[in-house]
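Student: Please find one structure pasted underneath; my questions will follow.
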Amino acid sequence: MKSDSIQATICQERKKDPIEMLHSGQLIKVCAPMVRYSKLAFRTLVRKYCCDLCYTPMIVAADFVRSMKARDSEFTTNQGDCPLIVQFAANDARLLSDAARIVCPYANGIDINCGCPQRWAMAEGYGACLINKPDLVQDMVKQVRNQVENPRFSVSIKIRIHDNLAKTVDLCRKAEATGVSWITVHGRTTEERHQPVHYDAIKIIKENMSIPIIANGDIRSLKEAENVRQITGTDGVMVARGLLTNPAMFAGYEETPLKCIWDWVDIALELGTPYMCFHQHLMYMMEKITSRQEKRIFNALSSTSAVLDYLTDHYGI
């Protein structure tokens, strides 16, 4: 666990409270937890382009608690990295509350991943299998509430929906009764991957809840974000792939502006982003603005200096 300025990031000094933001009536724009991608450098970039709230990639709570190496590699933050939610994969209330206590001074809250449909996660008892274990979800929320002294520290969950939506509404009501701060709903079932998102289901969940709800799934522009909010009545929208291909989308850009690409270069180099991650983000960002031939050339580049030369030659400094 690393911080450029540990003292400056203690929770009491974080002026932007995500709970207050989600109760403001404004559309809150959220960067999703993305394995390998929603790390400090990318969070820094999207915050420059009107992203209100960022999540870390999913971190396995058991590893985080037991291993200093895992803490150092999985969680990096700095003074400007707020408001920030740390997402954990967990199936044990005590381990989750221990993890929450570790990150509490450096984040605004934690999120329990109840939506990841990957087989490895479900086999370990993490992710989307938790939507069928409401008692365990309640226990985890209670334990974090009991162990973390800061009353403004948020505890949220991110879920998928059931085929029988009544079960999802029941899960959400139980989580709300236990003190969950808000719920993010990905509008697909565990089995669905690329099928259309069930925004009607998110709307029903929102209508049955008093706490804020964030809509997630297939949002690729600011206009789509505003439409989803209008359809569902939710308090925020969470975006993953749309931000990868266009980190400036929340600022209203239809495709990644060149300034955003150069901002990424500056941020990534300043923060020491590993080359593979640095390059992969650029491949996503340039997807819509490069030809097939240009993609082949750019994607084959193998060093930071080669990437910088390419960008300078093709797009100027």
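Using N, Cα and C of the backbone, Cβ positions are placed for all residues, glycine too.
The following feature annotations were taken from TrEMBL:
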ACT_SITE  Cys116  active site, proton donor
BINDING   Pro33, Met34, Val35, Gln87, His186, Ala240, Arg241  FMN binding site
DOMAIN    31-293  domain 'DUS-like FMN-binding'
Student: Counting other Cβ atoms within 10 Å of each residue's Cβ, which of the recorded positions Met34, Val35, Cys116, Ala240 comes out lowest?
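Tutor: Sparsest of the recorded positions Met34, Val35, Cys116, Ala240 by Cβ contacts within 10 Å: Val35.
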Student: Report, in whole Å, the straight Cα-to-Cα distance of the residue listed as 'active site, proton donor' from His186 (FMN binding site).
Tutor: 10
Student: Among all the protein chains here, how many other CB atoms are within 10 A of the CB of Arg241 (FMN binding site)?
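Tutor: A count of 14.
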Student: Hey, what's the Cβ neighbour count for Gln87 (FMN binding site) at 10 Å?
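Tutor: A count of 27.
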Student: Can you check which residues sit near Pro33 (FMN binding site), meaning Cβ under 8 Å from its Cβ, same chain, 6 or more apart in sequence, and list them in order?
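Tutor: Once residues fewer than 6 apart are set aside, Pro33 (FMN binding site) is near Tyr55, Thr56, Pro57, Met58, Gln87, Asp111, Asn113, Lys158.
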Student: Where Arg241 (FMN binding site) and Cys116 (active site, proton donor) are concerned, what is their Cα separation in Å, rounded?
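Tutor: That separation, Cα to Cα, works out to 15 Å.
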Student: Give me the Cα-Cα distance between Met34 (FMN binding site) and Cys116 (active site, proton donor), rounded to a whole Å.
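Tutor: Met34 (FMN binding site) and Cys116 (active site, proton donor) have their Cα atoms 11 Å apart.
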Student: For the FMN site as recorded (Pro33, Met34, Val35, Gln87, His186, Ala240, Arg241), determine the largest distance between any two Cα atoms, in Å, rounded to the nearest integer.
Tutor: 17
